[in-house]
Amino acid sequence: MAEVAGGPRPEGEGARRRRAAPPLPQYLCSSSLFPLQTVPGPAAPRRAGPPPARDAPTSGSARPAPPLPRTRVREAPGGRGQPGWAGPCGGGASRGGRGRALPLTVVAPVSPAAEAAELRARLRSVKHTVLVLSGKGGVGKSTFSALLAHGLAADEAKQVALLDIDICGPSIPKMMGLEGEQVHQSGSGWSPVYVEENLGVMSVGFLLSSPDDAVIWRGPKKNGLIKQFLRDVDWGEIDYLIVDTPPGTSDEHLSIVQYLSAAHIDGAVIITTPQEVSLQDVRKEINFCHKVKVPIIGVVENMSGFICPKCKNESQIFPPTTGGAEKMCQNLNISLLGKVPLDPQIGKSCDKGQSFLSEVPDSPATSSYRSIIQRIQEYCDLQHFQEEKTI
Amino acid sequence: CAEILARSNLAGVRHILLVLSGKGGVGKSTIATELALSLRHSGKKVGILDVDLCGPSIPRMFNVQDNDVHQCDSGWVPVFVDQDKSISLMSIGFLLEKPDDAVVWRGPKKNALIKQFVADVAWGDLDFLIVDTPPGTSDEHISTVEALRPYKPLGAILVTTPQAVSVGDVRRELTFCKKTGLRVLGIIENMSGFVCPHCSECTNIFSKGGGEELAKHAGVPFLGSVPLDPQLSQSLEEGRDFIQEFPKSSAFPALAHIAQQILDGTSPQSS
Ligand SMILES: Nc1ncnc2c1ncn2[C@@H]1O[C@H](COP(=O)(O)OP(=O)(O)OP(=O)(O)O)[C@@H](O)[C@H]1O
Ligand SMILES: Nc1ncnc2c1ncn2[C@@H]1O[C@H](COP(=O)(O)OP(=O)(O)OP(=O)(O)O)[C@@H](O)[C@H]1O
Ligand SMILES: [Mg+2]
Ligand SMILES: [Mg+2]
Ligand SMILES: [Zn+2]
């Protein structure tokens, strides 16, 4: 069984940037829907037949998602499209022969209750959890997650973990300057990759063997990996767990909320850009948070306005035609944590894998990020305080 | 089988194109929209199937977000953008009771609806059916490609922005195309440079050249660079016809050129 690690800290300098070739890549590749490699990993236990029962709670059929908010179409023509249909090349469930056990350390099926206990034990050492969410793609979730992690880790006394659950489009390895790094295994699980001694990172990107590798997975496999990221990674004692997510309200989002319910979620930071095309998706994400009872710490409006470096005039490249995040936050009665302008330096720092906060410390965007990070920190402290009071 | 294909709702559709990207927010829905408008401008009948179930953008980009889907004998009637029915749309956005409702679905439900979208929408005769997708290589993409396979899609247009973080994700999408046997029609670099409307200074807000480099590296056609253009984002906000109304705008030439390449690639002489 995956045991509760006694919270081992990163092993100092030696643990950083260590390169090892663990058996993970093969496992990942061979269990992908369209196998990237046909050679099975030596350490990946081969298992025929249906996936282990422990996966059941994550699959759509076993735990049906809330029904479609009432549709205006009266009747589905032809009676096709039964919910639960997994498709000709569905995830683990419908590819019995190809399905392979995900766990590294656990092979025997585990009951949902035991699993929750396991997760709870592992997550007991996490003080604060912050999800970074948006209904819209490309609004700056990963950039913000990375900078939030850097910002919090500036305090050397704090241990920060950054978890990337964007399984098909992981950006965190590049943004943290960890591209090409690989995860290695220790007695107590997978070790995160460390940027600093107090900043550990985990992403599917560390499990891929080439930048061309695609993770062509349906929901159940993505859910399985997310669970492993929480249960099988030896995070140690953590003050802040920051979770970067893909856009949307689907498998990854439901799973992370479900698995983290074994611990505690301080809240979600919602990222948007000013235009209505983005806000309309973000309102859905806010409704998702209400539905699954994740508190909203606040909204960040990113890419709001661009000041021309030559003439200093401002242009609204993504125009706030319906009042931007400010109006939305007023209407929905949630906090606006701040606005971050467009700054070409942000994209450049991301591409170079450096922290924009330390690269360009005196820009308007940096001071905006800093004040937002501070507000999040204060929110978390307050949460902690209230919790202690209730105990 | 041939008989089933002949009777299917896609029997009258000549060319099917997918718009894909591994990266979010790079302009997939924008390209799908502007391509449809450009093709209409050239006299074509176009449909857009929006398989982004959690974040559908297409209804608003045509300002028809309040429309309903109705049913007829052969299935669901798509939403028409104009009187001439030259552009028709299908999106989950038309099926929601309240526009802000979240579609909190795991894979199987998404797959079921996509299958239904492919089988049951009464498109009628179309020159082009453009499929707008969410970012990634997961349920929506696998299901869409599987469901469309019998109808032999022409191929996929890949959209990226110039930065390395975006290009990296699009490299993975190229692998998806290869693995699923989907032809790559070409790569578009969107949001490539911004010309200040006040002083004409060009700033590469999201860097420049990454998409073109990727096309070269991968040996696939490069369809062009579309600059950041506030008139484009503004007209998408209002659901206006950018191609008709802003021919002098900075993004127009690149968008028109992209449509022309698609037309050239599908004209009878070339096929
Ligand atoms: N304020 C900003 N100014 C300029 N560039 C920015 C800004 N914020 C983010 N970017 C850049 O925009 C791109 C998209 O950001 P990012 O990848 O963080 O978005 P995302 O929401 O995580 O996208 P996805 O939905 O694909 O996960 C990145 O290249 C990033 O560096
Ligand atoms: N060339 C451009 N100039 C200015 N704005 C643009 C340009 N291309 C796209 N946009 C704007 O950028 C935003 C994101 O574009 P869009 O919604 O088309 O991206 P997407 O790839 O479909 O995103 P998602 O991954 O969320 O589906 C939209 O508001 C759009 O209007
Ligand atoms: Mg991201
Ligand atoms: Mg889109
Ligand atoms: Zn200027």
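Keep in mind that glycine also has a Cβ here, set from the backbone N, Cα and C atoms.
Because the structure is a prediction, the values reported are computed rather than measured.
Here TrEMBL flags B:G22, B:K23, B:G24, B:G25, B:V26, B:G27, B:K28, B:S29 as ATP binding site. Remark: B:K23 (ATP binding site) has B:P135, B:T160, B:T161, B:V165, B:S166, B:D169, B:V170 as non-local neighbours, by Cβ distance under 8 Å and separation of at least 6 in sequence.
The annotation [4Fe-4S] cluster binding site is assigned in TrEMBL to B:C196, B:C199. Every protein chain considered, the tally of other Cβ atoms within 10 Å of the Cβ of B:C196 ([4Fe-4S] cluster binding site) stands at 18.
Taking the Cβ of B:G22 (ATP binding site) as reference, residues of its chain lying under 8 Å away and at least six apart in sequence are, in sequence order, B:P135, B:G136, B:T137, B:G168, B:D169, B:V170, B:R171, B:R172, B:E173, B:F176. DSSP assigns B:S29 (ATP binding site) to a helix in the three-state reduction. A Cβ distance below 6 Å to any atom of ligand 4 is met, among the binding-site residues B:V26, B:S29, B:C199, by B:S29.
Counting every protein chain shown, the number of other Cβ atoms lying within 10 Å of the Cβ of B:K28 (ATP binding site) is 28.
Among the binding-site residues listed (B:G22, B:K23, B:G24, B:K28, B:S29), B:K23, B:G24 have a CB atom closer than 6 Å to some atom of ligand 1, in sequence order.
Its Cβ taken as reference, B:G27 (ATP binding site) is surrounded by 26 other Cβ atoms within 10 Å in the chains shown. Proximity of the binding-site residues B:G25, B:V26, B:K28, B:S29, B:C196, B:C199 to ligand 2, judged by a Cβ distance under 6 angstroms to any of its atoms, singles out B:G25, B:V26, B:K28, B:S29 in sequence order. In this structure, the C-alpha atom of B:G24 (ATP binding site) lies 31 angstrom from that of B:C199 ([4Fe-4S] cluster binding site). For B:C196 ([4Fe-4S] cluster binding site) paired with B:G27 (ATP binding site), the C-alpha to C-alpha distance reads 20 Å.
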